[in-house]
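**Q** First, the structure itself, so that you have it in front of you.
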Amino acid sequence: MERVGCTLTTTYAHPRPTPTNFLPAISTMASSYRDRFPHSNLTHSLSLPWRPSTYYKVASNSPSVAPYCTRSQRVSENTMLPFVSNRTTFFTRYTPDDWYRSNLTNYQESNTSRHNSEKLRVDTSRLIQDKYQQTRKTQADTTQNLGERVNDIGFWKSEIIHELDEMIGETNALTDVKKRLERALMETEAPLQVARECLFHREKRMGIDLVHDEVEAQLLTEVDTILCCQERMKLHLDKAIAQLAANRASQHELEKDLSDKQTAYRIDDKCHHLRNTSDGVGYFRGVERVDATVSVPESWAKFTDDNILRSQSERAASAKLRDDIENLLVVTANEMWNQFNKVNLSFTNRIAETADAKNKIQTHLAKTLQEIFQTEMTIESIKKAIKDKTAFLKVAQTRLDERTRRPNIELCRDMAQLRLVNEVHEVDDTIQTLQQRLRDAEDTLQSLVHIKATLEYDLAVKANSLYIDQEKCMSMRKSYPNTLRLVGFC
C-alpha cells in the first residue's frame, strides 16, 4: 500500500491482505506497497516540512479505491492535501525488529510443521507395514483354520455317506421282503391269501352292490379255515412297516446331516480359497457382531456320531426282522388248500348278473343324454330370444329417457310417448314370459341331469363291481400259485 504522512504513524487506506501461505510471493510483497491509496493529485513541488520529499512518493489517483477522507473532507483532484496537525497519525505500526521476528516466527513454524509432517509420514508408513503384516498373518491363520475345518467336515461327510449307503441297502432289502410278504398276503399266498384279497377288494364295492351274496359267504368260509396264518403275516407286516418307518427316519436324519455337511463344506471351502482379489468380496457391516452359532466342535461331532450310531442300531433290527419274515413265508407256503373251486363258481355267476344290469343302465343313460342335449338347445334358443328382446327394450327405454329432457311445454304426452310406454311394457312382458319358460326348461334340465348323475353313479357302481370281481379277484384266482409265488417271488 502507499504510505502517506509522517514517519510517526503510518495509515493505510485498506486492511492488509491475509496471506494464504507461510511466506507470500515476492511479487505480492513488492506490489503491496504500490499504488494502493488513491487520493487527490499532489504536485511534485509539494514539500513536507518535517521530512525530505525524496523518501515519499506522491499518491497516484486510482479509480478502484476511494480517497482516504471523510465525506465532509473530500476535495477535488486539483486541490492540494493540507498539512495534518496530528503527527501520530502518520507513524508506522511496526518496527523492523517486529518485521524480522515475524518472518523468523513463520520460518520456525514452517520448520516445525514440516518436521511434524515428516515424522507423521514415517510413523504412518511404519504403522501401515506393521498392520499389513499383522493382517496377513491373521488372514493366514484364519485360512489355516478354515482348511482344518474343511478337513473335519470332509471326514464326517465320508462317514455319513458310508453309513447312508449301508442304511439305503438295508432299507431296500427290507422293502423287497415286505413286498414279498404283501404279495403273499394279497396275491399269491394260497387260498387264505386269495380269499383275504378278494374280501378286501369286494369291500370297495359301492352303494347297493355291497350285498352279502354267495361269493362273500364262500370267501368267509375260506378265510375262517386258515385265520392263524393270516394273523401271523399281518403281525410281521406291521413290524416291517414300523421298521421301515424307523429306517427312513434314521436315513432322513443322515441325509439332512449330509446335506448340511455338504453345504457347510461348500461354504467353508469357498471361504478357504477366498482371496483379497477374489470376486464377490465386499463389506458386510456388523456381521462380526451377529453370533448365529448353535453348537461347539464337541457337540457338533457328537451330533453326527449319534446319528450314525442310531442308524447302525436300526440296521441291526431290520436285518433280524428280514430273517423272521423269510422263515414265515416258507412255513405258510405249505398250509393253503380250500374251497378254491366253489369260490370261483360263485364269482362267475355274480359277474354275469352284474354285467346284465350294467348293459341296461347304459341304454337308459344314452337316452337321457340325448334328451339333455335337446333341452340344452332349447335353453340356448330361449336365452338368444331374451337377448334379442333386450336390445328392443334398451332402445325403447333410451327413447323415453331422452324425451324426458324436452324443455317446458315440449314435454307432451303425445302418441309417440304412449307408443313408447306400451312398447316398453310389451317387450318387458315378453321377456318375463321367456324368462319363465327359461326357468321351466332349466328345471327340466336339472331333473335330467340329476337322473343322469344317478345313472352314471349306478353305472360306475356296476363297473366297479365288475372290475373288482372280474379283474381283481378272478385274475388272482385263475391258477393255483406255485411255491415261488407262495413265498413272494413273482
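The backbone N, Cα and C atoms fix where each Cβ goes, glycine too.
Computed from a predicted structure; not experimentally measured.
Okay, these came from Swiss-Prot:
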- 424-451: coiled coil (COILED)
- T7: O-linked glycosylation site (CARBOHYD)
- T9: O-linked glycosylation site (CARBOHYD)
- T10: O-linked glycosylation site (CARBOHYD)
- N41: N-linked glycosylation site (CARBOHYD)
- N86: N-linked glycosylation site (CARBOHYD)
- N103: N-linked glycosylation site (CARBOHYD)
- N111: N-linked glycosylation site (CARBOHYD)
- N276: N-linked glycosylation site (CARBOHYD)
- N344: N-linked glycosylation site (CARBOHYD)
**Q** Residue list, the coiled coil (424-451) vs rest of chain: Cβ under 8 Å, 6 or more residues beyond ends.
**A** 368, 371-372, 375-376, 378-379, 382-383, 385-386, 389-390, 392-393, 396-397, 400
**Q** For each of N103, N111, N276, N344, count the other CB atoms within 10 A of its CB; which of these glycosylation sites has the top count?
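**A** By the 10 Å Cβ neighbour count, N344 comes out on top.
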**Q** Do me a favour and check the Cα-Cα span between N111 (N-linked glycosylation site) and N344 (N-linked glycosylation site); whole Å is fine.
**A** 121
**Q** Work out how many Å separate N344 (N-linked glycosylation site) and N276 (N-linked glycosylation site) at their Cα atoms, rounded off.
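**A** So the alpha carbons of N344 (N-linked glycosylation site) and N276 (N-linked glycosylation site) sit roughly 82 Å from each other.
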**Q** Return only the integer: C-alpha distance in Å from N276 (N-linked glycosylation site) to N103 (N-linked glycosylation site).
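**A** Just about 51 Å between their Cα atoms.
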**Q** Need the DSSP three-state call for N344 (N-linked glycosylation site) to compare against my parser.
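**A** Reduced to three states, the DSSP call for N344 (N-linked glycosylation site) is helix.
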